[in-house]
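K.L.:
The structure under discussion is supplied below as C-alpha cells; questions concerning it will follow.
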There are 2 protein chains.
Amino acid sequence: MAEDLSQDFSLGEVQVASSPQERFEEYLQSKGQRITQQRRALVECVFEKHEHFDADELLEMVARHAEGASVSRATVYRTLDELVKAGLLRKMDLGGRAVYEHDYGYPQHDHLYCQQCHKLIEFRSEELMEIRDAVAAKHSFRVTGHRLIVSGVCEECSQKRHRRHSPLDLI
Amino acid sequence: MAEDLSQDFSLGEVQVASSPQERFEEYLQSKGQRITQQRRALVECVFEKHEHFDADELLEMVARHAEGASVSRATVYRTLDELVKAGLLRKMDLGGRAVYEHDYGYPQHDHLYCQQCHKLIEFRSEELMEIRDAVAAKHSFRVTGHRLIVSGVCEECSQKRHRRHSPLDLI
DNA sequence: GTTGTTGCAAATTTTTTGCACCCAC
DNA sequence: GTGGGTGCAAAAAATTTGCAACAAC
C-alpha cells in the first residue's frame, strides 16, 4: 500500500529552512524533551524516502534500517505522535488504522484511494484550495488544513476483471 | 460531536424514490438476504433523525428506541456494513473510530471540522465535484465517492478567546 | 426444510498505558 | 543526579469471527 507517489514535482524546488531531523530536534528542545537514539533512528527512517506508512511498517523499517538498533512498538507510537505535533508528519485514518505521510517540506496535496489494491495516488489542485478557502470564508471558519480522499478504483485495478487482494471494500 | 447540521436545504425538497427502509429491503432482497427484526429496528433508528453517530451510539439508540428489542453489538457492526454497501450510509474515520451519516436521500456534502469544539458543519459545493471528477479522469480513476474534511476553528470558537472543551486537537 | 442471521464469547487488530530501569542533559 | 524516555507486558478500544441456536422465506 501507499505507492505511486506524485512525481509532479521535485523536492529540490522546495525551499526547506532545515532538514526534518534538525526541525525535530528544535521542536524537542523547545519543549524540553530529549533527543534519543530511538527518536533519531525513527526520524531518519521516516524521511529516508517519501511514502505512506503505518506504525507497523515503520517498526519494520527501523529494524531493517539500523540492524541491532530496534525500537519498541510503544516508542514508535509515541514518536509518531510527537512527529505529528511537531508538524513533520500528517496523520490519516484509512480503513481503521492510522497512515502517515510527510508534511514538512512537502507540498500540500490530496489523494485518490483505490479500494481494490489500497494504493494511494497523490495529486494537487490549486482550484481545490480556492474553493476550500471560499467556503470557509462564507462560514467565517478559520482553516488550518484539510484532508480530501477520493475513493474508487485505480486504472490498473479497473483492467483486471477479477478482484485479487482486498477481501472487503470498506470506507 | 456532530452537531449543527446544515440548514441550507430542507429534506422535503429532495425527491426520494422510496424511504430508506424500502430501499434497504430492496437491496437485501436483490442480494438474497433477509429482512429481520434487528435490521428493521436499526434502519428505523438510523433514519429517525439526521445526525452523525458511531457503532456504540447506535447500539444505545436501539436499546432506547425499542425497549426490549435490543440488538447485539456484532449485529450492529454487521448491519452498518450492509447499510454502507447498500448506499444508505456513509462511513468516515474520525479520530480512530468509524462515524456514520446518512447518504441516501441526502445530498452530497462535505464538512468543516472545528478542532476546538469538534463540531461538524456541512456544506456543499458543485465546483468541488467537478474538480474531483476532472482530477480522477486525468488518472483514469473510477470514482465511487470522496471525503473532504476541512479542519480549523469555527466562527463561534474564534470569538471565545480561551478554549473551553477540546483537550486535544487531533486530525 | 433450507439457508441466511443472530448472539455470545473468543479472537483480532491497533493503539495506549503502568512501571521499573536507563540514559540524555 | 534527575527527570524524561524506553521496553515490556498488560490493558484498552474497536471491530471481526466461529459456531450453535434461530428465524425468514
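Placement of Cβ uses the backbone N, Cα and C atoms for every residue, glycine included.
Remember, it's a predicted structure, so these values are computed and weren't measured experimentally.
Feature list, courtesy of TrEMBL:
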BINDING   B:Asp110, B:His146  Fe cation binding site
BINDING   B:Cys114, B:Cys117, B:Cys154, B:Cys157  Zn(2+) binding site
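Help me understand the surroundings of these features in the structure.
P.N.:
Just so you know, the Cβ of B:Asp110 (Fe cation binding site) picks up 22 other Cβ atoms within 10 Å once every protein chain is counted.
Other C-beta atoms found within 10 angstroms of the C-beta of B:Cys157 (Zn(2+) binding site) number 21, with every protein chain shown included.
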K.L.:
What is the interatomic distance between the Cα atoms of B:His146 (Fe cation binding site) and B:Cys114 (Zn(2+) binding site), given in whole Å?
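P.N.:
Cα to Cα, B:His146 (Fe cation binding site) and B:Cys114 (Zn(2+) binding site) are separated by 20 Å.
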K.L.:
Cβ within 8 Å of the Zn(2+) site centroid (B:Cys114, B:Cys117, B:Cys154, B:Cys157 excluded): which residues?
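P.N.:
Nearby residues not in the site list: B:Gln115, B:Gln116, B:His118, B:Lys119, B:Val153, B:Glu155, B:Glu156, B:Ser158.
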K.L.:
Going by DSSP, give the three-state secondary structure for B:Cys154 (Zn(2+) binding site).
P.N.:
coil
